[in-house]
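As recorded in Swiss-Prot, the features of this protein are as follows:
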TRANSMEM  12-32  transmembrane segment
DOMAIN    27-155  domain 'EamA'
TRANSMEM  42-62  transmembrane segment
TRANSMEM  81-101  transmembrane segment
TRANSMEM  105-125  transmembrane segment
TRANSMEM  137-157  transmembrane segment
TRANSMEM  187-207  transmembrane segment
TRANSMEM  219-239  transmembrane segment
TRANSMEM  245-265  transmembrane segment
TRANSMEM  283-303  transmembrane segment
TRANSMEM  308-328  transmembrane segment
Amino acid sequence: MAGAVSLWRREAVFLTAMLAGETSIVGLSTLFKVATSKGLNIYPFLSYSYLLASLLLLPSLFFTNRSRSLPPLSASILSKIGLLGFLGSMYVITGGIGIEYSNPTLASAIGNIVPALTFILAVIFRMEKVSFKERSSVAKVMGTILSLIGAFVVIFYHGPRVFVASSPPYLNFRQLSPPLSSSKSDWLIGGAILTIQGIFVSVSFILQTHIMREYPEAFTVSILYILCISIVTSMIGLVVEKNNPSIWIIHFDITLFTIVTTGIITSVYYVIHSWAIRHKRPLYLAIFKPLSILIAVVMGTIFLNDSLYLGCLIGGILITLGFYVVMWGKANEEKNKLLSFSGKEKTPLLLSGKNDQI
């Protein structure tokens, strides 16, 4: 009996941690949307917040288990991590710009097509094979099609309102800033940019898989990766905003709060992610990703006074179904591999989420 209670408590801790992690990530997107309306520029935001996150994660290097021997950090590995950092920078920049044009709900919905995009790229690069004789392969193809159809519906079909937001004044950030809703043209631009973001994420996952095979130390790779994002976004910001140096001065208002909160939550989220993946299969973490759509809808309604449109609802459902079908196909494929090649170690591609980018 005591063992069963202990098991339930353990599962409850995992469940709470994952829900808190997804909620915090969507919350950061909502907070960023508000802060940009108060003058926060994306480049100092990313530069400062990721620098803070890397500094907060640095002590973890002294507590991680280094019992296994690792290859030295060669120039080849460092260059690949640098490339991963560049791709990550493109990912967070396009993600931030996409949210500025649209809202966190669209960002969460489009974010769930990443497994489908990763599968497409893996087939193109011949890292995955499509065989319609295998259920797992059929599932991944069907899930990819569902996800892409859902993405097109979310972006191109607004539809009528199915829920009109009405939030209390003390929770409504629109009292503090200009209107945060997006026009139809901005929505389309935001959707296109967020789709490009998904492509960057998918390419990053493929590169990340190769890096982790050569240097399987997640904390070290992640800290260097996050630090690279801070450096690259700073360099891009200095070039793009060279005539506007005042953006690098942060005031003691919601902009500073957003940067500090993002840095802290990014580091904490990674710790939760690494802890969960150490005790659970990567599929367990993936199961919670579609919940970000629901969380974004709730937060957008409460804090941004966003309304829910039929297109977003239908597209979100299709994307969620496609997501789970792709993940089922990948899980079934990995299960078959383990049964057939029990003596070999395989690194999952779509299920590998050791450095889930933020």
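The backbone N, Cα and C atoms fix where each Cβ goes, glycine too.
The transmembrane segment (12-32) is not in contact with the transmembrane segment (219-239), judged by fewer than 3 CB-CB distances under 8 Å for residue pairs 6 or more apart in sequence. Summed and averaged per residue, pLDDT over the domain 'EamA' (27-155) gives 88. Here the transmembrane segment (187-207) has long-range neighbours at 80, 83-84, 87-88, 90-91, 94-95, 97-103, 106-107, 110-111, 113-114, 117-118, 120-122, 125, 127, 151, 154-156, 158, 349-350, 352, 357, meaning same-chain residues at least 6 beyond its ends whose C-beta is under 8 angstroms from one of its own. By number of Cβ pairs under 8 Å, the transmembrane segment (283-303) is matched best by 105-125 from the list 105-125, 219-239, 245-265. Using a cut-off of 8 Å between Cβ atoms, the transmembrane segment (245-265) and the transmembrane segment (81-101) share fewer than three residue pairs, counting only pairs 6 or more apart in sequence. Note: the stretches the transmembrane segment (308-328) and the transmembrane segment (81-101) are not in contact (fewer than 3 CB pairs below 8 A, sequence gap of 6 or more).
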